[in-house]
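Engineer: Here's a structure for you.
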Amino acid sequence: MNLSSLLSNHFDDHIETASRTLDALGTPLEVAIEVCFQALTNGSKVLACGNGGSAADSQHFVAELVGRFERERLPLAAVTLSADTSIMTAVGNDYGFDQVFSRQVAALGMPGDILLAISTSGNSGNVLQAIQTAHEREMAVIALTGRDGGKIGQMLYETDVHLCVPHHRTMRIQEMHILLLHLICDGIDALLLGEPQ
Ligand SMILES: O=C(CO)[C@@H](O)[C@H](O)[C@H](O)[C@H](O)COP(=O)(O)O
Ligand SMILES: [Zn+2]
C-alpha cells in the first residue's frame, strides 16, 4: 500500500473536480445566490436538510447565515431540519424516517421560503419528501446533489436550482457541496455589503 500516491491521487482528483464543478455549475450557482438574497431580504427564510455528512453541511450553512460568514452583517433567517433530536426521533418513531424533514417543512415553510436540500445520491427518501412538501407550500428549492442527480433531479421544477456535482464518489461530492455552500454565503454577503476590500 503506497499511502503517498493514494493521498496525492485524492488531491489531484479534488482539484480536477473543483475545476469541472465551476464549469458545470457556475451559472446555476449565481442563480442560487440571487434566489437566497431575494428571499432573505424579503422576510423569507431558508430551511436546510440532509443526512449524515449532509446534515452537518446543512447545519454549517445555517450557522453562517444566522451567525456570520466572514464579515459583520445582520443575522439572516435560516433553520436546519436535522439538528433537533426530539423532532427527529418523535417524527421518525411516529410517522417514519421519510417524514422527519417534510413534517418540519409543513410546520415551518411559507410561500417564498427556500428549501436547501442536500443529498449526494439524490435518492434519500426523507429529502425527496421534503422537496415534495416544499413544492406544495410554494417554496423554491435549491438542491445540492451528485452523480446523475437521482430522483431529486427528476422531481425539481424549472424554477428550482439544481447544483449537481459531476462526480460519482460521495466524499468528493460532499467536498464540492461545502465549497458551493461557502460560495453562496460569500455571494450573499457580496450582494448585501458590496465586494470585499
Ligand atoms: O458523510 C458521509 C459519507 O462521506 C455519510 O455520513 C453520508 O452522508 C450518509 O451515508 C448519508 O446517509 C448519505 O445520504 P445521501 O447523500 O445519499 O442523501
Ligand atoms: Zn463524510
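Including glycine, each Cβ sits where the backbone N, Cα and C put it.
Note: TrEMBL annotation is automatic and uncurated.
Feature table excerpt (TrEMBL):
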- 36-197: domain 'SIS' (DOMAIN)
- Asn51, Gly52, Gly53, Glu64, Asn93, Asp94, Ser119, Thr120, Ser121, Ser124, Gln174: substrate binding site (BINDING)
- His60, Glu64, Gln174, His182: Zn(2+) binding site (BINDING)
Engineer: Quick check for the class: what is the C-alpha distance, in angstrom and rounded, between His60 (Zn(2+) binding site) and Ser119 (substrate binding site)?
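Structural biologist: Rounded to a whole number, the Cα-Cα distance is 15 Å.
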Engineer: Quick one: what's DSSP say for Gly53 (substrate binding site), helix, strand or coil?
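Structural biologist: For Gly53 (substrate binding site) - judged by DSSP and reduced to three states - the answer is helix.
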Engineer: What three-state secondary structure does DSSP assign to Glu64 (Zn(2+) binding site)?
Structural biologist: helix
Engineer: Return the members of Asn51, Gly53, His60, Ser119, His182 (the binding-site residues) with CB less than 6 angstroms from at least one atom of ligand 2, or none.
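Structural biologist: Near the molecule: Gly53.
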Engineer: Filtering Asn51, Gly53, His60, Ser119, Ser121, His182 (binding-site residues) by proximity to ligand 1: which pass a Cβ cutoff of under 6 Å to any of its atoms?
Structural biologist: Asn51, Gly53, Ser119, Ser121
Engineer: May I ask which residues of the same chain, at least 6 positions away in sequence, place their Cβ under 8 angstroms from the Cβ of His182 (Zn(2+) binding site)?
Structural biologist: Glu64, Phe69
Engineer: Please list residues from the chain of Gly53 (substrate binding site) whose Cβ is under 8 angstroms from its Cβ, counting only those at least six apart in sequence.
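Structural biologist: When sequence neighbours closer than 6 are ignored, Gly53 (substrate binding site) has Thr170, Gln174 within Cβ distance under 8 Å.
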Engineer: Over the domain 'SIS' (36-197), what is the model's average pLDDT?
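Structural biologist: Across the residues of the domain 'SIS' (36-197) the model's pLDDT averages 98 on the 0 to 100 scale.
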Engineer: If you draw a 10 Å sphere around the Cβ of Asn93 (substrate binding site), how many other Cβ atoms fall inside it, taking every protein chain shown into account?
Structural biologist: 10
Engineer: Does anything in the same chain, at least 6 positions from Ser119 (substrate binding site), have a Cβ under 8 Å from its Cβ, and if so what?
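Structural biologist: Once residues fewer than 6 apart are set aside, Ser119 (substrate binding site) is near Gly50, Asn51, Ser54, Val127, Ala143, Leu144, Thr145, Gly150, Ile152.
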Engineer: If you count Cβ atoms within 10 Å of the Cβ of Glu64 (Zn(2+) binding site), leaving out that atom itself, what do you get?
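Structural biologist: Neighbour count, Cβ to Cβ under the 10 Å cut-off: 20.
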Engineer: Take the Cβ of His60 (Zn(2+) binding site) and count every other Cβ within 10 Å, whichever protein chain it belongs to.
Structural biologist: 16
Engineer: Within 10 Å of the Cβ of Gln174 (substrate binding site), how many other Cβ atoms can you find? Include all protein chains, please.
Structural biologist: 22
